[in-house]
Amino acid sequence: MKGACILAWLFSSLGVWRLARPETQDPAKCQRAEHPVVSYKEIGPWLREFRAENAVDFSRLTFDPGQKELVVGARNYLFRLQLEDLSLIQAVQWECDEATKKACYSKGKSKEECQNYIRVLLVGGDRLFTCGTNAFTPVCTIRSLSNLTEIHDQISGMARCPYSPQHNSTALLTASGELYAATAMDFPGRDPAIYRSLGTLPPLRTAQYNSKWLNEPNFVSSYDIGNFTYFFFRENAVEHDCGKTVFSRAARVCKNDIGGRFLLEDTWTTFMKARLNCSRPGEVPFYYNELQSTFFLPELDLIYGIFTTNVNSIAASAVCVFNLSAISQAFNGPFKYQENSRSAWLPYPNPNPNFQCGTMDQGLYVNLTERNLQDAQKFILMHEVVQPVTTVPSFMEDNSRFSHVAVDVVQGRDTLVHIIYLATDYGTIKKVRAPLSQSSGSCLLEEIELFPERKSEPIRSLKILHSQSVLFVGLQEHVVKIPLKRCHFHQTRGACIGAQDPYCGWDAVMKKCTSLEESLSMTQWDQSVPTCPTRNLTVDGSFGPWSPWTPCTHTDGTAVGSCLCRSRSCDSPAPQCGGWQCEGPRMEITNCSRNGGWTPWTSWSPCSTTCGIGFQVRQRSCSNPTPRHGGRVCVGQNREERYCNEHLLCPPHVFWTGWGPWERCTAQCGGGIQARRRTCENGPDCAGCNVEYQPCNTNACPELKKTTPWTPWTPVNISDNGGHYEQRFRYTCKARLPDPNLLEVGRQRIEMRYCSSDGTSGCSTDGLSGDFLRAGRYSAHTVNGAWSAWTSWSQCSRDCSRGIRNRKRVCNNPEPKYGGMPCLGPSLEFQECNILPCPVDGVWSCWSSWSKCSATCGGGHYMRTRSCTNPAPAYGGDICLGLHTEEALCNTQTCPENWSEWSEWSVCDASGTQVRTRQCILLFPVGSQCSGNTTESRPCVFDSNFIPEVSVARSSSVEEKRCGEFNMFHMMAVGLSSSILGCLLTLLVYTYCQRYQQQSHDATVIHPVSPAALNSSITNHINKLDKYDSVEAIKAFNKNNLILEERNKYFNPHLTGKTYSNAYFTDLNNYDEY
């Protein structure tokens, strides 16, 4: 392109002029400390992910007892995954049926809500207890943990699983088989409860519709600790008088609680709750009131909790740590009690300090807990607040909300370090080191991004596996496995030590960053954790994306053309804090229009003729430049011609005449040569040859044969008797030759004859003695070689498993002499020997692992085995010595009683047998539990008055004979007795009628009106409870509308509440809030 493009106006219009140096940065901004961030691209090679088509909401994670599999609950699916790489072992689809979905739609719920969201996922022995919302009709199943399609039982999920997937809930399964669940018990979620079911103990729940027990709670977690079951939740604070405020709570119940008697029946008698405080200290403390998640470290009795501010306030989160002893101290302290709704909340002494779930040994309330039932009904809330271990939260962060927490205890070089993993609502995990002492603070070690840039979503679940140092994260569309030890990520000693990672240290021997377990020497392993790591804020500039192509103009001399231009900026990111500027063009120009231009003419080509008129050519092309993108093409011709040699006459034409005929062939057969010729006219200088040759008569000549005459007889040798031999020769030759004179001597023919010495018999001819080749020679003394006999076979090279032996012979019987033939064949032979395999002695394999104990109690046994296969004995080898099986006793403790009481004996059947039954009271029987029969039979036991039917049949004939013995005396006795009996009956009837008339007369007297129950059957029971509030008395007898028949695992529709129309008032005119 001629000239330069003038694009200054384009640069100014697109704003692409940038300074050569980075813009001035705020020094304070460049010096502030920020925590390291591990991007999704950096953490990607360490991650393992599992996804499944159509599966979402991976919100429930748990491990099998052997910690080899991860069990995952998602919407409409259950999965079993390998812990190593999250590969799929088994997938089970668990959807709602169409009828249930239609019923859900009819209640105004959306398609998203009317699905089966897994909300309970608990492992008990080799069984998996799982519950799902099932389109607002919760259902639970008990499955085999090794095969999720094998369903052992299916029961209602009411009171065990929430109806809505939006409701928070928690559940746990104790070792004895009881299920403790905290969830909403009805469709709209207005009846929250902490409920116990299954197992051997009676079902219990918190009081229904009583805000002092539970006030719109959001359940977070539950733990089985000692004699108690603890629940953690947040709820509207009933003791807060000024506005609506949410408090976090810790509640507990005794595991041996069986409810009250006459009061608090089917209701907890040991339920107590206390407030959890997590606040930032100051003149006016800043409270983090809403508990979001907890994590329990049983080895240290520590409970880590995540607390946040209210959703309507500024976003802020904190981590507070509570000691179990502090929680127990609050429950041992005084209660906070409100006499009535207009009274203040005041402390009240605890009637049972240091309560440890003791029970009554005797009396009417045997087996009930030591708490007084009236106290259990009134005193629920503790006065003292549970304070954290430290006055300042272990970790605080503004402008973010944490949703889940997991804690790992790591052995550093000098001390144990607690590492807290916090899940944020925007899809990252923050790794925090807890304070090392009361005076030190926490450190944010790093933040792990689980999604690519510009994408985020909340984390659904968080599970840590301490034995393998692995973190499992449940997200909306997949599950992620994150290794906690990523020491090899740091390549240098400075990066390893500067990361301040308690998992990692620099091994001076191996010269690399390793974990403590991987190090070769503790003394050579360097680590530093007291300080917090900071991120280098120096950022090198990087170009952002190119802008779209836009039209622009350019000038080329006097012509104006158009182009397409695009630009990019150094802002992704922009260089900061001394970072490098972007390298490369900030603008690209393409598709500029260009007018075509002619190239210079080429030189004239040589004349087309050397004499006479010819022409010459020259050319040019429109490629200087070539027209592009709408530019103008060149104007004019691209080729010119001119004449040449128009005055140079040509000389006479010199040329060859035509070829003459072929001459005679030089040979009649066997291949000859023939020639033809031409002459040059008008001169001697014609180009080329005047003679041309070709082969001829290439066919083979006929075969010629020629025999020489016999030579004269010549004597050969003389024998002992004076006779002698004579011989003569002749030769025969044949060949395909054109000339017979070219024949050469070929085969030799010899004849021999014997001539006697006396000449009487003349000479006799033996005929042909032999034919020899032309160069051959005949000798009567030639000796051909012959083999000697074979030697014996040599010793075998091996005693077994296939060896080799050989034998030899020599060509000396006789040796070849005077040109005789040598021996034919091998002089050495080989043969396989001892082909049978060698004997192999047996060797024991390693002992197998001990098998599972055959019984969980009462004495069982386990065993281990080994086999004689390493290798096995073979081919006569010795067998292994010793035992192939070892057994040992296990679980010798006495078994608890697992059977219910025997039922009453049944009525005798036709075969004279009675039957009684019993049932196993354990939901998950393991090993020898519930061993024995469920039925028992015995022969019927008859009393002395029972007469079998056979006896009656046999005595019928005797009775017929006795009927004839009835006489007159008998008739008189019967008549007298009947008269006396009639008189007595008449007297009784008269007396009854007189009393009835007296009562009717009394009924006509008018009495004052008093309230009476519509159903007076409970009046006596109400009178027994005069000392309690009457409303409470009605509540005690107004049974909960949800009562479980645990044996049959269904809800009894015939048990409904009773309603009374009258009101009962106490002397104090007290009312209890509902």
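Using the three backbone atoms N, Cα and C, a Cβ is placed for every residue, glycine included.
These features come from Swiss-Prot:
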DOMAIN    35-484  domain 'Sema'
DISULFID  CYS104-CYS114  disulfide bond
DISULFID  CYS131-CYS140  disulfide bond
DISULFID  CYS254-CYS357  disulfide bond
DISULFID  CYS278-CYS320  disulfide bond
DOMAIN    486-533  domain 'PSI'
DOMAIN    595-651  domain 'TSP type-1 2'
DISULFID  CYS669-CYS701  disulfide bond
DISULFID  CYS680-CYS686  disulfide bond
DISULFID  CYS796-CYS833  disulfide bond
DISULFID  CYS800-CYS838  disulfide bond
DISULFID  CYS811-CYS823  disulfide bond
DOMAIN    841-896  domain 'TSP type-1 5'
DISULFID  CYS853-CYS890  disulfide bond
DISULFID  CYS857-CYS895  disulfide bond
DISULFID  CYS868-CYS880  disulfide bond
DOMAIN    897-944  domain 'TSP type-1 6'
TRANSMEM  969-989  transmembrane segment
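Sequence features, as recorded in Swiss-Prot, placed on the structure.
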residue: CYS114; record: disulfide bond; contacts (Cβ under 8 Å, 6+ apart): CYS96, THR100, LYS101, CYS104, TYR105, ALA135, PHE136
residue: CYS140; record: disulfide bond; contacts (Cβ under 8 Å, 6+ apart): VAL120, PHE129, THR130, CYS131, GLY132, GLN154, ILE155, SER156, GLY157, ARG160, CYS161
residue: CYS254; record: disulfide bond; contacts (Cβ under 8 Å, 6+ apart): ASN227, PHE228, THR270, CYS357, THR369
residue: CYS278; record: disulfide bond; contacts (Cβ under 8 Å, 6+ apart): SER248, TYR287, TYR288, LEU291, GLY305, PHE307, ALA318, CYS320, PRO388, PRO393
residue: CYS686; record: disulfide bond; contacts (Cβ under 8 Å, 6+ apart): VAL654, PHE655, TRP656, CYS680
residue: CYS701; record: disulfide bond; contacts (Cβ under 8 Å, 6+ apart): CYS669, GLY670, ARG736, LEU737, PRO738
residue: CYS796; record: disulfide bond; contacts (Cβ under 8 Å, 6+ apart): GLY803, ILE804, ARG805, CYS833, ASN834
residue: CYS838; record: disulfide bond; contacts (Cβ under 8 Å, 6+ apart): ASP799, CYS800, SER801, TYR875
residue: CYS890; record: disulfide bond; contacts (Cβ under 8 Å, 6+ apart): CYS853, SER854, ALA855, GLY860, HIS861, TYR862
Candidate with the highest Cβ count within 10 Å, taken from the disulfide-bonded residues CYS104, CYS131, CYS853: CYS131
Relative to the Cβ of CYS880 (disulfide bond), which residues of the same chain, six or more apart in sequence, are found under 8 Å away? GLY842, VAL843, TRP844, CYS868, PRO873
Just to be sure I understand the packing, how many Cβ atoms besides its own are within 10 Å of the Cβ of CYS833 (disulfide bond)? 16
What DSSP reports for the domain 'TSP type-1 6' (897-944) is 0 helix, 12 strand, 36 coil
Are there residues at least six beyond either end of the transmembrane segment (969-989) with Cβ under 8 Å to its Cβ atoms? List them, or say none. none
Which whole-number mean pLDDT does the model give the domain 'Sema' (35-484)? 92
Cα distance, CYS811 (disulfide bond) to CYS857 (disulfide bond), nearest Å? 90
DSSP three-state call for CYS104 (disulfide bond): helix, strand or coil? helix
For each of CYS320, CYS811, CYS823, count the other CB atoms within 10 A of its CB; which of these disulfide-bonded residues has the top count? CYS320
What are the helix, strand and coil residue counts for the domain 'PSI' (486-533) according to DSSP? 9 helix, 10 strand, 29 coil
How many neighbouring Cβ atoms, not counting its own, are there within 10 Å of the Cβ of CYS800 (disulfide bond)? 13
Please spell out the DSSP helix, strand and coil residue counts for the domain 'TSP type-1 2' (595-651). 0 helix, 13 strand, 44 coil
